[in-house]
Amino acid sequence: MTTTSAFMLSVRLDNVAVVAIDVPGEKVNTLKAEFAAQVRAILKQIRENKALQGVVFISAKADNFIAGADINMIGHCQNAQEAETLARQGQQLMAEIQALPVPVIAAIHGACLGGGLEMALACHRRICTDDVKTVLGLPEVQLGLLPGSGGTQRLPRLVGVSTALDMILTGKQLRARQALKAGLVDDVVPQTILLEAAVELAKKERLAQRTLPVRERILAGPLGRALLFRLVRKKTAQKTQGNYPATERIIDVIETGLAQGSSSGYDAEARAFGELAMTPQSQALRAVFFASTEVKKDPGSDAPPGPLNSVGILGGGLMGGGIAWVTACKGGLPVRIKDINTQGINHALKYSWDLLETKVRRRHIKASERDKQLALISGSTDYRGFSHRDLVIEAVFEDLPLKQQMVAEVEQNCATHTIFASNTSSLPIGDIAANAARPEQVIGLHFFSPVEKMPLVEVIPHASTSAQTIATTVKLAKKQGKTPIVVSDKAGFYVNRILAPYINEAIRMLTEGERVEHIDAALVKFGFPVGPIQLLDEVGIDTGTKIIPVLEAAYGERFSAPANVVASILNDDRKGRKNGRGFYLYGEKGRKSKKQVDPAIYKLIGVQGQSRLSAQQVAERCVMLMLNEAARCFDEKVIRSARDGDIGAVFGIGFPPFLGGPFRYMDALGPGEMVATLQRLAALYGPRYAPCEQLVRMAERREHFWTNGETDQGN
């Protein structure tokens, strides 16, 4: 065997070469620039061995093929030319793999993403396992980039242009059966026979060429291609609002390769990669990626976590059902649900059944896996089965005496080490723990709805919470697949506190006569996934506004909502999507009607509904209040760092990722510009816009939230 660090070459007795990929000291394989020489040395040996019948590339890691290229390489590039050179080096290496004179097979188990899939595309055939960990995709667009090692050229020719555009523009990941159906892989086999199946495929003297589906062949022609690209450009522009330049360049590069040939396509790909790497959008998106990676590694405290073998949940409603699902099906932990009646328990069980059954129908998992995961969830109307639970999460009504009662019951019926975690969105954790016998084991664990989709959780220790309780709760959140940030026990915590003034200002502009659709469109244009009015409808107007009085009582008039407006809307039985009528009209199944905005809303609040502000003015009024409040949270140490503040806003409320989060955005604007803008708005609209002391100090000292050592690279 010849060993060259991350790549190991061995030749079997049947004259098939096996290249095992195993990056030393890393949990996952990532491609680095220094590996090029190692791979070329192996390719040279393969070319010189005339007896070889084929080659198999396979990972020696337990559950991943290649997770992508090392993103730090991009951060080391000083200009577009250096990044372009990096792409061309990758293209050349993939071309050398493709040019090998014998069949080359990629044997894929686990994640095959980014540069990993580009390497697999350079192989002549691909075979993968049917494991749930096996996913294939090109997610570079999520970093403001495009695939730079030939992916934009090879993928359309393999699976067809429409499928390739969909994959590259969205960064979506295909599971094994989806990849087989798309033609991305040639076979799907159990992991136990992956290597042997790949070897047998490599031994075949002639590998049959795959024929594209009729639809893809039509779209590959000049007329079909012209129509497709016109539609894709229009749809993409509507979705990105011009905020993500990578999507436009992806379309251009793929079209160039199909219209002018792969050589021109590779040139266009490398140039676009270099230019995109230097854009502020890519730098911000990479910063979010590195920050989220760091947060996921953060243990929350210096203490070791306590035992975490099973979990209890109080309440089988929407939140309780979602928490049960992520705990059992994502975390693999046994869950016991307690509700006051069997209907609540059945609701929670059905919640998990519906989600798992959808996965079965889509062939993401097998029915046996569904049954195995569902078996982890059980329920009762009393505390039977709770005595050994390591952590209990309450998801009951926002009622302080009720939650205090839950603490007492858990302390009576569970083990002395059991942690009590409250899913409250507004009540102080210290108040919930006020009468606790073991207050050091009481903590907040705030999930966002829908639980199965929203990636963020806030972990909220109160003054007496122990370091071990924090560490154990953070560990649970990570097992649930969540990104946890630890925040202080102050009214609204972090996410809801910065969201409230943003939504309040949108409602205030509504009372000034601005139209609902104009307000929402302005914030979508700015970069939010939905506008503030639609967000309130989605969350539930009653639920979303419940925290306003709490915040107003804690922080004063800057959190007051427009007088009587919210009450008028709620008194008219408008709760949003959940009851079919809010600011928007909804059909029976909760879908928006063609009419969308309910015109009666303007009469209800006593305005005509005629917009006078520009989209930029609307966005500025909402966003500047959010930024100012985020700076206050930083000053008051509600969040531990700018990193946590950025991740909380991006993952919790959809703050535009291409801006990097509120703190990177404020740094980009500059504290002086922030203060000047807020002072201008305060003169126009009142003292709620007065810049906070933190921003004023930073402007005077010319400071930033992110220090010079905290770049867009991983540490």
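First residue shown is number 1, and so on along the chain.
Any Cβ shown, glycine's included, is placed from N, Cα and C.
If you check Swiss-Prot, you get these features:
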- 1-190: region 'Enoyl-CoA hydratase' (REGION)
- E118: site 'Important for catalytic activity' (SITE)
- E140: site 'Important for catalytic activity' (SITE)
- 306-714: region '3-hydroxyacyl-CoA dehydrogenase' (REGION)
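In the three-state DSSP reading, E118 (site 'Important for catalytic activity') counts as helix. Here the region 'Enoyl-CoA hydratase' (1-190) returns a mean pLDDT of 95 for the predicted model. In the three-state DSSP scheme, E140 (site 'Important for catalytic activity') falls into the helix class. Between the CA atoms of E118 (site 'Important for catalytic activity') and E140 (site 'Important for catalytic activity') there is a gap of 11 Å, rounded to the nearest whole number.
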